[in-house]
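Student: Below are the features I grabbed from Swiss-Prot:
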- HIS121: active site, proton acceptor (ACT_SITE)
- LYS71, SER72, GLY73, THR74, LEU75, TRP76, ARG143, SER151, TYR209, ARG275, LYS276, GLY277: 3'-phosphoadenylyl sulfate binding site (BINDING)
Amino acid sequence: MEKWMNLRDEDLTEETKTLISSLSSEKGYLGRNLCKYQGSWYYYNFLQGVLNFQRGFKPQDTDIIVASYPKSGTLWLKALTVALFERTKNPSHDDPMSHPLLSNNPHNLLSSSSPRLFSTHTPFHTLQVAVKDSPCKVVYICRDAKDSLVSRWHIVCRSLNKEEDRTILESMFESFCSGVCLFGPFWDHILSYWKASLEKPKQVLFMRYDEIKTDPHGQLKKLAEFLGCPFSKEEEKNGSLNKILEMCSLPNLSSLEVNKTGKSINGIEYKNHFRKGIVGDWKNHLTPEMGSKIDMIMKEKLKDYSEVWFENAL
């Protein structure tokens, strides 16, 4: 769904400009205007993309949509999904070097043939306008709020050719805490998909970044079963899971030439999407006070929901 979001402010229609004038508006951490639409905040050009998507996307029953809040493991989940379906297309793997993940970035592997793979950062209620009653499947990946924030900070700094600018981090932190940030508030975003996964367990799968890190085999099998392409006992015995996990590991993906030199449709260099990918790295960048404040906010926002859920998820 990247093509729907790859717009400029000059692409705004008169209808969208009129809509924006009626919406709540705030300044983002980089000084760009944000407006609130259907409960979430968007840059004006992103809102145009959302509107275009809601009106123009034609879902197919076999579509797979990978969803996440930005910098929560989207690329990793995309790679795993591509690898799962690729093994069903080419089970023999006669030429492992011909695998599409070795010559393309996961963000660029959006097949036009069935099953089609898409990705989005919009919350579920906004996505649902486009998919309506389609049985297409949605896989959501959730990451610790603090790690996600730090990861977004790094890619913003890299995109601006700045080295770990603390001023930007502090601005992003304040924006996160207020909820006024692109695709935010964070807590509403994850709750939209979590609720959907409870209401539609056969259509929406809620996955957690931390759990994929601690139990990669179990989570990969869970993903494969949800997508309708479970591993056979023979595949498990011959190490198919290990092969996929190794190929889709961040160290392996980041070492590929295409991910060192290529660019995404919006001009961001693929290499900027890769960093450590570890759990708990926020401790190296956020102060203990910042971490405590985010934890306090998340507990407050999730107080009406299962304590077990947010302890495991966040």
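The backbone N, Cα and C atoms fix where each Cβ goes, and this holds for glycine too.
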Student: Using a 10 Å cut-off on Cβ-Cβ distances across all protein chains shown, tell me which of the recorded positions (LYS71, HIS121, ARG143) has the largest neighbour count.
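Tutor: Within the set of recorded positions, the most crowded position is ARG143.
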Student: What three-state secondary structure does DSSP assign to HIS121 (active site, proton acceptor)?
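Tutor: In the DSSP reduction, HIS121 (active site, proton acceptor) maps to coil.
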Student: Using Cβ-Cβ distances, find the residues under 8 Å from TYR209 (3'-phosphoadenylyl sulfate binding site) that belong to the same chain and are at least 6 apart in sequence, listing them in sequence order.
Tutor: SER72, GLY73, TRP76, ILE141, CYS142, ARG143, ASP144, ASP147, VAL279
Student: Quick check for the class: what is the C-alpha distance, in angstrom and rounded, between the residue listed as 'active site, proton acceptor' and LEU75 (3'-phosphoadenylyl sulfate binding site)?
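Tutor: Spelling it out, the Cα of the residue listed as 'active site, proton acceptor' and the Cα of LEU75 (3'-phosphoadenylyl sulfate binding site) are 12 Å apart.
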Student: Work out the three-state DSSP category of TYR209 (3'-phosphoadenylyl sulfate binding site).
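Tutor: TYR209 (3'-phosphoadenylyl sulfate binding site) sits in a helix per DSSP.
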Student: Provide the number of Cβ atoms within 10 Å of the Cβ of GLY73 (3'-phosphoadenylyl sulfate binding site), excluding the reference atom itself.
Tutor: 25
